[in-house]
Amino acid sequence: MASTGSTPFPKWQLAILLGAPLAIGLGYLYLRNRLEDPEKKKVADLKAKTTISLDNEENNAKVAESAIDRAMKLKGAGNRAFHAGEFDKAIALYNEAIEACPPDHTVDLATFYQNRSACYEKREMWEQVKEDCTFALKLNEKYVKAFLRRSRAAEKSGDLVLALEDVTSACILERFQVQSSLVNADRILKALGRQHAREALAKRQPVMPSKHFIKTYFSAFSEEPITKLQLEDNATGGFAKAKKALDAQDYESIVDACTEELEADGKYKYEALLLRATFYLLLGRHDEAQADLAKVIDSNASLKVKVNALIKRASLFTQLENTERCLEDFAHAAKLDPSNSDIYHHRGQVYLLLERMDEATAEFAKAVELNPNFSIAYIQKCYADYRLAQLHKNVGALTQVRSDFERALEKFPRCAEAYILYAQVLSDQQEWGRAESLFDSALSVDPDNAALYVHKGLVQLQKNTDFDKAVKLINKAIEMDEKCDFAYETLGTIEVQRGNLRRSLELFEKAIALAKTELEMTHLFSLKDAAAAQLKVSERWGLDWTVS
């Protein structure tokens, strides 16, 4: 699997780097205003039905008292019927309790509606659940149980936006202290993110990644057959045009040039198929990429071309969350060309993403054994060793990892990824000064890598909680590379933390426009949807989320 581009870290690690809680983007915030006690509100129709006038208040006090006593007894009987599994009987009793309850007892009345909704939930009558919870919330606008139950009903009936808004409301009222609510929020966010991602992918226009991203992608292959291929100076035809465009970083013309070679059934048709498939991958045109890669794999192409196609298809299956097919392609590639280090390097990255650390370290070790001078695999091995040592809390192994990173810097002083990954390890150990120095060293080696300014910003956030400095650095990344999706995503997440929710929505939209896979889009929509839900809730209650 190829590198993630201008940053070696997968998207899901961003929340970890920022210290975010389980419910993406929801909890790492600060309330300036304490939530006030809910104002008592009366539902208009109930208020109109039975209003106790001030003139008759004393005369009706005993009547009201007996009415609420009767309502509470009916509620108690309804509760007993509910716990006995007699839901229809419970509904009837709660109906009577609602009828009997004086309308100025709004908290009690809200409870009766909420209890009746619990019966409807047992009956899987989702519209009735939502209706009763809505009545309860009109009477008691910060009723956590009603929010949670309506959220469940909305999720069951496919209204994921309402489900998210309600569970967000509950999380805020619970001060993000109830794990079950956070788990529910996370589940709904993922489902809504996936729904929005699929809708967006169906109508998105492919966007060519930045030149730096594409350069980094190809650098992740030590045995890339296209970049290694040398053509004669006077070579003509579609593939010759495509190869020259690749060397000149004129990426926009490559797909058409490859198609020209294929239509002419040219000498380099298999190389043209592979190169076109590679750019379809980079553009997020997955169906077309898969079709071209399958043709290469089933053809009489050279061994290196066929194996590279298998590795890239395995990467595609990872993005499509089809791990079984991914590992099948790697196994096929290893059988065809067991001495190809790229197979083990990229399979190691897959295992790293799957948190299968023992297998990841073994794969990287094999890649380095086969090609000890390939810097990217060497550094990834160091990082995988670090993750494994962290997992097992092995102090001796952690010490060894640091020595290995130091050795890597000596061996590969021009490899930016060596500085980046070692800096991340040191950031994890809260050695901020050395981490900053390493990111600066990476910039001296790779000054066009905008993502390095994002990493520098994250260090400022972790070290000093210096939002202003972090934002300034990340904005510099965007100035350098307007297609740096890592910068938009990170800045959007920071703006959520700062309480600038509208700004965060704009930034997440920009990151979404650059996403290439459903997996990436799902993650980004989850961030956006969380911020949107929080914004709606905060506007409803007049909350100020900004950090002072």
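Even glycines carry a Cβ here, placed using N, Cα and C.
The transmembrane segment annotation in TrEMBL covers 12-31. Per TrEMBL, repeat 'TPR' is recorded for 71-104, 307-340, 341-374, 416-449, 485-518.
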PLDDT averaged over the residues of the repeat 'TPR' (341-374): 97
Beyond the flanks of the repeat 'TPR' (307-340) by 6 or more, those residues with Cβ under 8 Å of it: 1-2, 221, 223-226, 274, 277-278, 281, 286, 289-290, 293-294, 296-297, 301, 346-347, 350, 353-354, 370, 516-519
Secondary structure tally of the repeat 'TPR' (416-449) (DSSP, helix then strand then coil): 27 helix, 0 strand, 7 coil
Composition by DSSP (helix, strand, coil) of residues within the repeat 'TPR' (485-518): 29 helix, 0 strand, 5 coil
